[in-house]
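Everything on this sheet refers to the single structure shown next.
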Amino acid sequence: ALAGSKYDDKHLMSNEIMEKTPSPLKSTYNSQSSRNSDCPPSSKPAMANRLLDWFSVVMADSKHRRQHPKPKGHFPIGCQSEVRWMFGHLDSDNDGRLSLSELYGLEHDQNEPCLKPFLDGCDTDGDIFVNGPEWCGCFSKAERPCAAVRKRSSPDVAPACDSRGYYRSTQCHRGLGLCWCVDPHGVEFAGTRTRGSKPDCDTIVNKISSGGLKTNSVDLDDDEDGGTDSAQDLEGSADQPLDF
């Protein structure tokens, strides 16, 4: 399932998608109306955000496996890199559109009843295929994990985001006087919490990455946004003085 932000859940799902071949099995849902009844339009933004975050995990994992699908088809300007990549990853016959069978393995998750209605809504012209512009349109307003959380956080607990909307490695809670290290998706690295000072998270993350957790990273070199932290980074609680 997509629920939660724990990396293990995302990594498990990425393996399932990459190792399973979609097959035309019968749907586990009773009807279109029953699926949609519990999936109001208000649930779509959160689903788009979660999928976008998960796409980046699958993309990073695949790159470390040296699998580099090149998406075919037309993508509108501004379509995010992980969205384009996932389109190519799912487009197994390279015809520039996603068929029902190609989407089957992604959308038929019994733990995510709102996933299929969300993806069904991507087919705006009703031709049972999802082309590049339709796919990108589904995620046009999706936000990367840190940016999404920051929008609804108070200044004291707002996370520090990089220029692409992912978490910066050092995060702090000013009220508690605590700092810790996280991966780009906000998952905390165990044993990194400190009080009264900030841990050297860049060094810690580099050591962890070189030790075998490389799939828990986002490749910042393949994106339309430039890919490096800059003055556009969003200041968060980790950038503020710690008051004790």
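Heads up, the Cβ atoms here are built off N, Cα and C, so glycines get one too.
The compositional bias 'Basic and acidic residues' annotation in TrEMBL covers 1-19.
Taken from TrEMBL, the feature compositional bias 'Polar residues' applies to 24-40 (among others).
Look at TrEMBL and you will find 209-218 (among others) tagged as compositional bias 'Polar residues'.
Residues or ranges marked as disulfide bond in TrEMBL: Cys172-Cys179 (among others). In the structure as shown, the Cβ atom of Cys172 (disulfide bond) sits within 10 Å of 24 other Cβ atoms.
In sequence order, Ser169, Thr170, Trp180, Cys181, Val182, Thr192 make up the list of same-chain residues 6 or more apart from Cys201 (disulfide bond) whose Cβ falls under 8 Å from its Cβ. Annotation source TrEMBL lists disulfide bond at Cys181-Cys201 (among others).
As annotated by TrEMBL, domain 'Thyroglobulin type-1' applies to 143-201.
Per TrEMBL, the feature region 'Disordered' maps to 1-44 (among others).
The region 'Disordered' annotation in TrEMBL covers 209-244 (among others).
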Fewest other Cβ within 10 angstroms of its own Cβ, chosen from the disulfide-bonded residues Cys179, Cys181: Cys179
DSSP helix/strand/coil residue counts for the domain 'Thyroglobulin type-1' (143-201): 8 helix, 14 strand, 37 coil
